[in-house]
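The structure appears right after this line, and notes come after that.
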Amino acid sequence: MTQPVSVLADTTFVAVNVHAGDSAFQCKLHAHTTVTALLPQLREQFAGSVHSEGTVHAYLTAERVEWALEAGPMRKRLDPEITLAEAQIAPGADLYLTHRTRTESYPVLRDDVAEGAAEVSRRLFAVLDGRDTRRLAAAALPPAVAAVGAIGIADVLSGNAAARWPVVGVLAALAVMCATIAGVLSRARDEFDDVSASLCVCAYLATAGAALAGVPRSLGIWHLATVGAAVATMVVALWSVTANKPAGLHVGAAAVSACAVLVGALHIILPVSSQAAAAQMVFLSLVVIVCAVQFSRGVGRVLVNYIPTTGEPVIRRSEQTVAAVSRRSTSGVAIEAMLNQEARVITTLKALIGMVAGAGMALVAAAAAGGYFTSNYEWHMFALVGSASVATVAIGRGLVIRAAAVPLMVAGPLAATAYLAGRAVSPHQADPVVLIAGAAPLMLFVLLSTLWAIRAQSMHSPLDKRRLERVAVLAVVAVFPLLVLIMDGWSKVRNR
């Protein structure tokens, strides 16, 4: 007699759990279809049922990989050419959809030479995009403004007095326009910070050019003081309208302009020669470099906790303890300080970078001017610039931040080189012994520094940095008496 057969029994499909990545899917698979044919269907179905931004979707859509099915707790890899029935996969079994990177990659064959060249260029070289063009435009603005200002200033200084005030008016209007646009961009569009910084540089250049052309005198200390005062005024305006963005640029411009104003004010009280004014700029630039860390902390409003030394009490009676704080007071100030601490530290570091970079450039320019205007006290000026160069390199080597250390380590040797170049082209005859005495140590110093850089010699302990600080302090101490001698200070005091 024939046995009854249930028509509801499904012997063609097998219900399994398929694991892909960190997810599992329940589905029925055809028992008599090969694994090779099931793999693309599983990937397509599972990828369509998960979020397109998730890790599972990325796992299922991976390219240049070899896919496989694994079964059982031992993760036995199934032969791609067999079926689930032949592999004896029971209902409810766990299958694992896995992939592995191909050990051999084949080059893409292209018949079109142009398409292949485009593919290679995209893979090996960066493509020009909107950000690059914006950076090019931002980099081209300051040289353009400098060129326009140089043409007008050269016309005025050549003796064309009628062009003085038109040039001053054009440059002043250009400075106001650049400052206004920079203020709007810095507050409204954060992605245009580079353009805003470029416009700030243009405003400073136009302001300096207008001040330089507006002084109806021959070039001298009055031009330096006027340019410094005008740039300082523009610093105050841009600091306000741009919310001190970028901090490094504004702080650096403020430091250089303050040095120029101090030299001009000192000249009113105690008139000196151009050589002495250049020596004063060297000294003030060195003071800014030495005190840059403290000044930048003040700009960023970062307070350093007081660390008691040996013998001092850890807790002072005048200090307010946590228990003494009123319970009715809120912690809003403390919370705001914690949230703003990172921004303040970033502002402080940017101010430090801008300050040392600006002071380094001022040091190089002052050294070149000192070499050009030197007529007396030649060895004193040589020793002053040499001491300033040594102190600058020592301070820069002790800094941790690369963006702050590199300008100082470059400005030190460059200041000595600028002084020697100024002496070489000076209308006053230079002592050959001075040139030789300056060039030989400079070459030796650069050679030793190059060897040290090739060896990648690093600071091993804070003691090394302390030694560099002592060298810098000794160099700074040696600069002040030399400055007094160059200014004829001893003779003026003695004559009184």
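Using N, Cα and C of the backbone, Cβ positions are placed for all residues, glycine too.
According to TrEMBL:
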- 136-157: transmembrane segment (TRANSMEM)
- 144-494: domain 'EccD-like transmembrane' (DOMAIN)
- 163-185: transmembrane segment (TRANSMEM)
- 197-215: transmembrane segment (TRANSMEM)
- 221-241: transmembrane segment (TRANSMEM)
- 248-270: transmembrane segment (TRANSMEM)
- 276-295: transmembrane segment (TRANSMEM)
- 351-373: transmembrane segment (TRANSMEM)
- 379-396: transmembrane segment (TRANSMEM)
- 403-421: transmembrane segment (TRANSMEM)
- 433-456: transmembrane segment (TRANSMEM)
- 468-487: transmembrane segment (TRANSMEM)
Report yes or no: does the transmembrane segment (276-295) come within contact of the transmembrane segment (379-396), defined as 3 or more CB pairs under 8 Å with a sequence separation of 6 or more?
-> yes
What else in the chain is close to the transmembrane segment (379-396), if you only count residues 6 or more beyond its ends and a Cβ gap under 8 Å?
-> 275, 279, 282-283, 285-286, 289-290, 356, 360, 363, 367, 370-371, 404-409, 411-413, 415-416, 419, 434, 437-438, 441, 468-469, 471-472, 475-476, 478-479, 482-483, 485-486
Close approaches to the transmembrane segment (221-241) from elsewhere in its chain (Cβ under 8 angstroms; 6 or more beyond its ends) = 175, 179-180, 182-183, 186-187, 200, 203-204, 207-208, 210-212, 214-215, 250, 253-254, 256-261, 263-265, 267, 274, 277
Output the single range from 136-157, 197-215, 403-421 maximising the number of Cβ pairs under 8 Å to the transmembrane segment (248-270).
-> 197-215
Against which stretches of its own chain does the transmembrane segment (136-157) lie, if we need a Cβ under 8 Å and a gap of at least six residues from its ends?
-> 163-164, 167, 170-171, 174, 178, 194-195, 197-199, 201-202, 205-206, 208-209, 212-213, 219
Distant-in-sequence neighbours of the transmembrane segment (197-215), which means Cβ under 8 A and at least six residues beyond its ends | 138-139, 141-142, 145-146, 149-150, 152-153, 156-157, 164-165, 167-168, 171-172, 174-176, 178-179, 181-182, 185, 222-223, 226-227, 229-231, 233-235, 238, 242, 245-246, 249-250, 253
Using a Cβ-Cβ cut-off of under 8 Å, list the residues of the same chain that are 6+ residues beyond the ends of the transmembrane segment (403-421) and lie near it.
-> 282, 289, 292, 349, 352-353, 356-357, 360-361, 363-365, 367-368, 370-371, 381-382, 385-386, 388-393, 395-397, 435, 438-439, 442, 445-446, 449
